[in-house]
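Student: First the structure, then my questions, so here it is.
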């Protein structure tokens, strides 16, 4: 496909938001060019492409920028309809499909609003505030586990494969070890089915290729702590 060569992702290696875009394109079989950004010295291309938020990830498709990772995932479904869907296909007048799409969007938004926010506080805080954030994270993971239920994947696109919520959430599994170390809990103990889901995802080629090791992420968290004077 000629369009595949026109995809460029402006990204940063440890960003879960960029990783979800990379995984989505890999799942769809789309070729893309990865361009690592120096977030301390952002490129002119990034600043021109996302002048409102001035942040990664940005997907350039034939030179046209698309910003915000969940928007990018939905754009990929729309722009490449012949590839595996992340969201259930939209069928005019099909209330069940509309509900499934809305539900997937809700849980992806939950990941961004709750899990990401709490995870950021976990490494920034100390003492009892950090312990409280650890308890909050454990409850967030239990909530996600309840939504997963007995399914193999959260799904969305069908066919027993990664769907919209899976792709939105799976990059954060590389941060689970850091959450455990900072929060004083075990993901396996508080949400064993979610931990099993993470292991299943971790055997999928697109995830293996585009997620860093938990240890490398934890080393990065240590750098952040020093940078912000947490330690």
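Cβ atoms are placed via backbone N, Cα and C, with glycine included.
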Student: Pick the one from 23, 56 that Swiss-Prot also lists for the glutathione site with 15, 42, 68, 69.
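Tutor: Glutathione site check in Swiss-Prot: besides 15, 42, 68, 69, the record includes 56 out of 23, 56.
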Student: Across the domain 'GST N-terminal' (5-84), what are the DSSP residue counts per state (helix, strand, coil)?
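Tutor: Counting residues by DSSP class gives 31 helix, 17 strand, 32 coil.
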Student: Looking only at 15, 42, 56, 68, 69, the residues listed as binding glutathione, what is the longest Cα to Cα distance in Å?
Tutor: 18
Student: Tell me, how many other CB atoms lie within 10 A of the CB of residue 42 (glutathione binding site), whichever protein chain they belong to?
Tutor: 16
Student: When you tally the Cβ atoms that lie within 10 Å of each candidate's Cβ, which of the binding-site residues (15, 56, 68, 69) has the highest tally?
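Tutor: When each Cβ's neighbours within 10 Å are tallied, 69 tops the list.
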